[in-house]
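Enquirer: Pulled the feature table from Swiss-Prot, pasting it below:
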{"type": "ACT_SITE", "residues": "ASP303", "note": "active site"}
{"type": "BINDING", "residues": "HIS58, HIS60, ASP150, ASP303", "note": "Zn(2+) 1 binding site"}
{"type": "BINDING", "residues": "HIS60, LEU61, ARG62, ASN92, ASN276, HIS307, PHE321, GLY322", "note": "substrate binding site"}
{"type": "BINDING", "residues": "ASP150, HIS177, HIS230", "note": "Zn(2+) 2 binding site"}
Amino acid sequence: MSTLLRGGKVLVNDELVSKDIRIEDGKIVEMGEKLNVYNSEIIELDGKFVSQGFVDVHVHLREPGGEHKETIESGTRAAARGGFTTVCPMPNTRPVPDSVEHIEALNQSIKQHAKVRVLPYASITERQLGKDLVDFKALKEHGAFAFTDDGVGVQTASIMYEAMQQAAQLNMAIVAHCEDNSLIYGGAMHEGKVSKALNIPGIPSICEAVQIARDVLLAEAADCHYHVCHVSSKESVRVIRDAKRAGIKVTAEVTPHHLLLNETAITEDDAILKMNPPLRSEEDHQALIEALLDGTIDFIATDHAPHAADEKNQPMTKAPFGIVGSETAFPLLYTRFVKNGDWTLGQLIDYLALKPGQVFGLPYGKSLEVGSIADITVIDLDEKYEIKSEDFLSKSSNTPFIGEHVYGNVKLTLVEGQIAYQEGQHA
């Protein structure tokens, strides 16, 4: 039986246009106004916005090894609640997906428990120790989406160069958390006026930018697609912009929290605002927004990083880095940037859906049209609501945005035409 999404509105040339959508066998088979019902199951949308599903290439699902923070099941429920139909979990788990055995075990857990499409990363080095490279070819054959040691930077240039050479031969991407360990200095936040005022050790911006500068030259030499995770500083933006102008195959992402906040959000020793990379200066903050708009940064990824409440309820120097983002990304960005006229709705959808898929050559996140995969998110753009921890489907709610009032509530998420999330039905 087909499914008919009736009475929704889709984006056409930045205008919302009424269209019904018929789905059959996981694909869109018909679009138009007032389609015949035939024998379709009908879902009434009452004028709500219908978007292609979002693609998040940077999440932490914590399984295996960190199930008290998040599981594949809870993390993908949260993703679906946020409108994401494809997510890519990072390999900083225990064990690390650094072998065929480990990635196959992960694949089985995904098959059993995931509520949305999950494309797992494999690590670059064994156990993410930065020393011995994994078997790139074997891991690709067993479903690795790309290769990253996210959570730490690859410290040795020769290791990164060889990794890029192997990835390039397989037409795979190297995805990098960029951080020179010799420049961290035990920091817990950005090194700047706020860290000095609070007497909390800081991490300088150059810690990130130095490693990006090294890596773009290695990527050029290896002719490898090199993707930079969670860009946070104006220096990093400058390096990436120059590399793109030079024709180097570099792409980059930015998180919602780095687009929304800067270091001045931290007014006391509060680990809910501890993230890596840290919130930096207002100058950095504005550079990130400008870089996204001019294409230096390609898209938005959440870096959804759940932690248990007791882990975050510590001083910043002791608590883990990270905040959750799967369930809050769209409403926060829509409220801040689209509602006030800085961006169009189409731009936001490009950053969350279309461009992540394009950068990694995925068939997901593409525009809604006949023949496309029925990954669909339905959103009430006019509904205002408060972000509350008790409403989260994630096992964790470590975010500074609790209590914010936002617009853009996800009502329904479909993955290949099947309901992954429907408001009020969380079973």
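Each residue, glycine too, has its Cβ placed from N, Cα and C.
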Enquirer: Highest CB neighbour count within 10 A among the recorded positions ASP150, ASP303?
Expert: ASP303
Enquirer: Reported as an integer number of Å, what is the Cα distance between LEU61 (substrate binding site) and ASP303 (active site)?
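Expert: If we compare the Cα positions of LEU61 (substrate binding site) and ASP303 (active site), the gap is 10 Å.
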Enquirer: Report, in whole Å, the straight Cα-to-Cα distance of the residue listed as 'active site' from HIS58 (Zn(2+) 1 binding site).
Expert: 5
Enquirer: Determine which residues of the same chain, besides HIS58, HIS60, ASP150, ASP303, have their CB within 8 A of the center of the CB atoms at the recorded Zn(2+) 1 site, and list them by sequence.
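Expert: Going along the sequence, the neighbours come out as VAL59, MET90, GLY151, HIS177, CYS229, HIS230, ALA301, THR302, HIS304, ALA305.
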Enquirer: Other Cβ atoms within 10 Å is the metric here; tell me which of the binding-site residues ASN92, HIS177, ASN276, HIS307, PHE321 scores highest.
Expert: HIS307
Enquirer: Tell me, in order along the sequence, which recorded positions from ASP303, HIS307, PHE321 have their CA within 10 Å of HIS230 (Zn(2+) 2 binding site).
Expert: ASP303
Enquirer: Does HIS60 (Zn(2+) 1 binding site) have same-chain partners at least 6 apart in sequence with Cβ under 8 Å from its own Cβ, and which are they?
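Expert: Looking at Cβ-Cβ distances below 8 Å from HIS60 (Zn(2+) 1 binding site), excluding near sequence neighbours, one finds GLU70, GLY75, PRO89, MET90, ASN92, ASP303, HIS304, ALA305, PRO306, GLY322.
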Enquirer: May I ask for the distance between ASP150 (Zn(2+) 1 binding site) and HIS177 (Zn(2+) 2 binding site), taken between their Cα atoms and rounded to an integer number of Å?
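Expert: Their Cα atoms are separated by 5 Å.
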Enquirer: In Å, rounded, how far does the Cα of ASN276 (substrate binding site) sit from the Cα of HIS177 (Zn(2+) 2 binding site)?
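Expert: Rounded to a whole number, the Cα-Cα distance is 9 Å.
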Enquirer: I want to check the contact list for ARG62 (substrate binding site): same chain, sequence separation of six or more, C-beta distance under 8 angstroms. What comes out?
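Expert: Once residues fewer than 6 apart are set aside, ARG62 (substrate binding site) is near LYS69, GLU70, THR71, GLY75, THR93, PRO306.
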Enquirer: Look at each of the binding-site residues, HIS58, HIS230, and point out the one with the fewest other Cβ atoms around it within 10 Å.
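Expert: Taking HIS58, HIS230 as the binding-site residues, the minimal 10 Å Cβ count falls on HIS230.
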Enquirer: Here are some binding-site residues: LEU61, GLY322. Which one has the most Cβ atoms within 10 Å of its Cβ?
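Expert: The most densely surrounded of these binding-site residues is LEU61.
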Enquirer: What is the maximum Cα to Cα distance, in Å and rounded to a whole number, among the residues HIS60, LEU61, ARG62, ASN92, ASN276, HIS307, PHE321, GLY322 annotated as binding substrate?
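Expert: Comparing all Cα pairs, the maximum is 17 Å.
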Enquirer: What is the separation, in Å, between the Cα atoms of HIS177 (Zn(2+) 2 binding site) and HIS307 (substrate binding site)?
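Expert: Their Cα atoms are separated by 19 Å.
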